[in-house]
Amino acid sequence: MSGIWLALAGFLVFFLGYRFYSKFIAEKIYKLDPAYVTPAHKYKDGVDFVPTNKYVLWGHHFTSIAGAAPILGPAIAVYWGWLPALVWVVLGTVFAAGVHDSGTLFMSVRNKGQSVGTLANKLIGQRAKILFLFIILLLVLMVNAVFAWVIANLFISNPSAVLSVFIQIPLAIWIGYHVYKRSGSMLLPSLIVLIIMYGTAVIASYVEPLQIDLVRYFGGEGATTFIGLNATSAAFFTWIIILMVYVYFASTLPVWKLLQPRDYINSHQLVVGLVILYAGLFITSPEVTAPMTNPAATDTPWFPILFITIACGAISGFHGLVSSGTTSKQLNNERDVRFVGYLGAVGEGLLALIAIIAVVTFFSSTDAFTATYSSFGAASDGGLGVFVQGAAALATGLGIPAAVAPTIIAVIIVSFAATTLDSSVRLMRYIISELGVEYSLPTITKKHVATAIAVISSAALALIPQGPNGFGSGGYLLWPLFGTSNQLLAGISLLLLAIFLRRRGSSMLPALIPMVFLMFMTLYAMFVQVFTDWAPWATNTDWLLFTFGSIIFVFAIWIVFTAFSVISNERKNDKFKDVA
Amino acid sequence: MVDQKIWQKLKRVIELYDEMLSTPHRTEIARELRDEDDLFLLLVYSDMLGIPNPAFYYTLELYPFIIERFHDWHLRMGMEHSPLDGIRCC
């Protein structure tokens, strides 16, 4: 069967979801009011609160939520075959992510553009806000450690991509100054930067001296280098230290100097990447060689682990932070909630969909797939690498030479991951400062102290010697908790939405059903992992995962109880109202 | 004629695309400029706030131009009511 059919099936469900379900949600549940004065108009200040055209806002929202995570999860989850991953991505986007993203946007618009964290404080209480901060702190810590390894891994396996990625930094700073000092447009300079980057990638693919291959510099695989490390481990160590030093400076610079211009260039790359992959798919029409379901996948059950392996791409709590953080302050008309919020989630679903297709069409036969995806551990280790190869195979359909295509795909992914790393270290710094204010610890509220804590803790986690995928992959020790934490965050946001809808007199079921589903899956998956896989009484005890997993498990249980108590209180109040 | 219409449409699409990507950047630039302005306003009002300012005589001349921004400024600075007696505000 051609991979095109998977894409068409996905498109069809996304279309039906937007055309009918989102319309139902917008009109019957949210009851969007075009006459409502949105915060963008009410508090218009030309900085945060700016009424923005819905197409522009959708693009801005989509590029903010899309990153490397919707690629990583699906690339691993195809271990159970393409069908479970496809169904979860498509239905998760339509019934959970679409409601979650548009719902958090709507809720924030109706609450002066406040963020989900502040709304948690308002609707549930102070403890909910602190819980929220801790979950996000754990999330960003994992992202920092894992993405540092992912970038180091791609640099080592694609040395021709390194120069292009590093060239982007000074050029992005130049664009930032160009716009700031001269108020110039970013379009042309950023396209020039893109051409320079891809041009460098093409040249570096053929000219070996331009390939920055640390393993070779350290004497090749097997050679022993400093502190007894072999060349590969030394390369990981060096790249991770370089990345952490870079990210320290990048995340303490004003946003407009580096992060924003990089984001701008990366947004082009997102569009270029999506166009290349989908056009490549329709031109080459590759065969799906991975099995529909993988009977050999017995070491880790798909139910319920699939639902925490694919978070971004099906539903992600992180989107609620973007919806309620910036997008809600720029919404021109309340009616645009449907277009911006729901279609933003669909955009992310499309990215996850092509990630699945790129992986399942890459292999020459089902046996080749089974050999690579021999265990869940092997899938976690090699999933992203397979995606790079699969995406490169699709890109060759557009006439891009086979020697160049993997380099360009690696440049795109590293660019995403590097910006995510910068943003998440910055976010971690803000949270550490906020916790410092909350617990009266003024020292850690300082910018450089908070950043140093963020960077050192992330580097320490990444460089734990027990990393499951080799030296530098310590972040993967906690990675099984990433999906869980992300889903928990989404669960809390859906819970807030359910309470909010109930208070408005609407049915809370569209928010409550995905919330219950998510919470059940998350708790079930956590229970299986924490108490049977990692616990002290299990065969492979893992104290680190057991400790962190137990903390998050308690958080999750607490949220479920809060949900029940808040909703039952609301019901009691209703009864009193009836009596009165 | 048809070519011109297509060209206009293409131009609009490119403008929309550029706007999509540059919106967050514009916000950050506006924030940076506002921060600079806030610092400047603090310098201008410094003498009235009790911080000696040797250029007070000259900054006084700017008051008619900046007085309209005073209310937003003191709100942004975390002061719910005007900290100055000399300027009538909330």
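Glycine residues also receive a Cβ, built from the backbone N, Cα and C atoms like all the rest.
Copied from TrEMBL, the annotated features are:
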- A:3-362: domain 'CstA N-terminal' (DOMAIN)
- A:88-109: transmembrane segment (TRANSMEM)
- A:130-155: transmembrane segment (TRANSMEM)
- A:161-180: transmembrane segment (TRANSMEM)
- A:187-207: transmembrane segment (TRANSMEM)
- A:227-249: transmembrane segment (TRANSMEM)
- A:270-290: transmembrane segment (TRANSMEM)
- A:302-322: transmembrane segment (TRANSMEM)
- A:342-366: transmembrane segment (TRANSMEM)
- A:367-525: domain 'CstA N-terminal' (DOMAIN)
- A:386-419: transmembrane segment (TRANSMEM)
- A:477-500: transmembrane segment (TRANSMEM)
- A:512-531: transmembrane segment (TRANSMEM)
- A:543-567: transmembrane segment (TRANSMEM)
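Ranked by Cβ pairs under 8 Å to the transmembrane segment (A:543-567), the stretches A:130-155, A:187-207, A:270-290 are led by A:130-155. Residues 61, 64-65, 67, 69-71, 73-74, 76-77, 80, 84-85, 88-89, 92-93, 96-97, 100-101, 104, 115-117, 136, 139, 344-345, 348-349, 351-352, 355, 376, 480, 482-493, 514, 518, 520-522, 524-525, 528-529 of the same chain, all 6+ positions outside the transmembrane segment (A:302-322), place their C-beta atoms under 8 angstroms from a C-beta of that stretch. Note: the stretches the transmembrane segment (A:342-366) and the transmembrane segment (A:477-500) are not in contact (fewer than 3 CB pairs below 8 A, sequence gap of 6 or more). Contact between the transmembrane segment (A:88-109) and the transmembrane segment (A:187-207) does not hold: fewer than three of their C-beta pairs are under 8 Å, each pair 6 or more apart in sequence. Nonlocal intrachain contacts for the transmembrane segment (A:270-290), taken as residues 6+ away from its ends with a CB within less than 8 angstroms of a stretch CB, comprise 1-4, 6-7, 63, 66, 78, 81-82, 194, 350-351, 354, 357-366, 368-369, 373, 391, 393-398, 400, 409, 412, 416. Model confidence over the domain 'CstA N-terminal' (A:367-525) stands at 87, taken as the mean pLDDT rounded to a whole number. Scored by C-beta pairs under 8 angstroms, the transmembrane segment (A:227-249) has its highest count with A:130-155, from the stretches A:130-155, A:161-180, A:187-207. The list of residues near the transmembrane segment (A:130-155) in space but at least 6 beyond its ends in sequence, with Cβ under 8 angstroms from a Cβ of it, reads 68-69, 72, 116-117, 120, 161-162, 165, 212, 214, 235-236, 239-240, 243-244, 247, 318, 321, 384-385, 388, 410, 413-414, 417-418, 420-421, 424-425, 427-428, 431-432, 434-435, 438, 454, 457-459, 461-462, 467, 469, 472-476, 478-479, 481-482, 485-486, 488-489, 492, 548, 552, 555, 558-559.
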